[in-house]
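Down below is the structure, laid out as structure tokens.
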Amino acid sequence: MNQSLLSPFGTAIERVETALISLKQGRGVLVVDDEDRENEGDLIYSAETLTNEQMALLIREGSGIVCLCLPDERVKHLALPPMVENNSSQYGTAFTVSIEAKEGVTTGVSAADRVTTIKTAIADDAQPDDLARPGHVYPLRAQPGGVMTRRGHTEGTIDLMILAGLKPAGVLCEITNPDGTMARLAEIISFGAKHDLPVLTIEDIVEYRKSLMAEAS
């Protein structure tokens, strides 16, 4: 079903290439996971190029839970422990404690404040003491190996940033419909057309990475 609805946007490889161009240009992408998994679409931006306007769109059109995807080594560097010791969530989503920048924010809730927190966390010279805990940004720890290890939006986000030549850090939020229900692929495609955002799937990223590995072998 996913692939048939997405076929007008090209092959899996072409959809990833289009997404990488969008990210390199500082724009966002929409990533849908498998229909037999969460079957949800996330709006994703590079943390490196994220703007206040983009954050406002995430908050306005999404679930409100704005997450910062980080690789394992960055999570360890920032000394961010897991949100819970025993993760019993259905898909093992690796939330850490939530964070807030210690400087440059007010309540931490506004779009500008959340962007400040994200930029603080991904700064080259970032230190654990730069961040207060808890806060209004929710870091997610990506599994090493990306989508080849776990087919989640967290890993897909990090893979896309690396493939685009950007810092391995991305911001995501699930897209919801006006009535509060989760947007599925058909609604995600309509949302993408409205906001000029390319749409791709986690499976597309898997296929793209497999093609790169095949070329290298």
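Cβ from N, Cα, C; glycine included.
Over in Swiss-Prot, the protein carries these features:
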- R37, E38, D42, R150, R151, G152, H153, T154, E174: D-ribulose 5-phosphate binding site (BINDING)
- E38: Mg(2+) 1 binding site (BINDING)
- E38, H153: Mg(2+) 2 binding site (BINDING)
- H136: site 'Essential for catalytic activity' (SITE)
- E174: site 'Essential for catalytic activity' (SITE)
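Across the fold, the C-alpha of E174 (D-ribulose 5-phosphate binding site) and the C-alpha of H136 (site 'Essential for catalytic activity') stand 16 Å from each other.
Counting every protein chain shown, the Cβ of H153 (D-ribulose 5-phosphate binding site) has 29 other Cβ atoms within 10 Å. According to DSSP, H136 (site 'Essential for catalytic activity') is assigned to a strand segment. Summary: among the binding-site residues (D42, E174), the fewest other C-beta atoms within 10 A of the C-beta are counted at E174. D42 (D-ribulose 5-phosphate binding site) sits 18 Å from H136 (site 'Essential for catalytic activity'), taking the CA atoms of both as reference points.
The separation of H153 (D-ribulose 5-phosphate binding site) from H136 (site 'Essential for catalytic activity'), Cα to Cα, is 20 Å.
In the three-state DSSP scheme, R151 (D-ribulose 5-phosphate binding site) is classed as coil.
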